[in-house]
Amino acid sequence: MSGTEVSAEQVGMLVLIGAPGAGKSTVGRRLANRLSLPFVDVDQLIEQTSGREIADIFATDGEATFRELERAATVAALAGSEEQVVSLGGGAPMTEAIAEALAPHHVVWLKVSPGAAADRVGLNVARPLLLGNVRSRLVSLLNARTPTYQRLADHVVETDDHGADDIVELIIEHRRELERR
Ligand SMILES: Nc1ncnc2c1ncn2[C@@H]1O[C@H](COP(=O)(O)OP(=O)(O)OP(=O)(O)O)[C@@H](O)[C@H]1O
Ligand SMILES: O=C(O)C1=C[C@@H](O)[C@@H](O)[C@H](O)C1
Ligand SMILES: [Mg+2]
């Protein structure tokens with residue numbers, strides 16, 4: 001295979017998990033382009049289907065309402081075995097029904113340190129759980145979530161020292177190795 005496109009044969013559903021700022025949306029979109037696969041960003045899907053921004057759902061209805069919308073949208077996106085790339089919300093794997101729905105798929109954890117994630121997300125108010133001291137919020141989130149990300153991932157990619165395009169290539173190379181086995 002030559003050029004920028006890569007065969008999608010045997011790729012299966014590829015799901016990106018990780019903290020806010022890990023690069024799930026950015027890497028997911030580029031990966032899907034490279035593999036010529038559909039791309040689903042569940043945060044965007046929730047915003048499109050509800051007609052509301054996630055920050056507004058958190059502020060008006062609270063986190064529990066958002067988590068229920070997230071559960072329904074994510075479990076639906078993960079149903080079946082369609083060849084696609086799916087980027088989850090940062091907290092999605094903490095919901096048990098979502099963790100269970102990940103089991104049949106190839107799950108890639110984009111690992112990021114709190115410092116690198118804070119530098120990437122900056123002071124973007126579209127991330128309601130990071131309001132206040134972004135770095136210390138990320139430290140808390142990562143402490144609580146790292147064991148779950150670790151448990152659910154089939155493949156871990158360290159992102160602090162790699163640009164998004166490099167990460168796309170690392171994931172594609174790993175997939176090729178899996179397919180050769
Ligand atoms: N590997 C990388 N190196 C440097 N910057 C990156 C990298 N990946 C993503 N970014 C940048 O970091 C910011 C956050 O990335 P992105 O929105 O893709 O993260 P996310 O994991 O989807 O976060 P969230 O969980 O909040 O949706 C964006 O500005 C993006 O351009
Ligand atoms: O880390 C989290 O819990 C979140 C991350 C975002 O992707 C959104 O799903 C939402 O802002 C919650
Ligand atoms: Mg995102």
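A Cβ is built for glycine as well, from the same backbone N, Cα and C atoms used for every other residue.
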Given that TrEMBL records D43, R67, R145 as binding substrate, the matching residue among G21, G90, G122 is G90
If you count other Cβ atoms within 10 Å of each one's Cβ, which of the binding-site residues K24, R67 has the most? K24
How many whole Å apart are the CA atoms of T26 (ATP binding site) and D43 (substrate binding site)? 13
Taking the centroid of the Cβ atoms of D43, R67, G90, R145 (substrate site), which other same-chain residues have Cβ within 8 Å of it? P20, E70, L88, G89, G91, A92, P93, M94, L129
Counting only residues 6+ away in sequence within the same chain, which have a CB under 8 Å from the CB of S25 (ATP binding site)? D41, D43, Q44, S87
So, in DSSP terms, is A22 (ATP binding site) helix, strand, or coil? coil
Rounded to an integer, what is the Cα-Cα distance in Å between A22 (ATP binding site) and G90 (substrate binding site)? 9
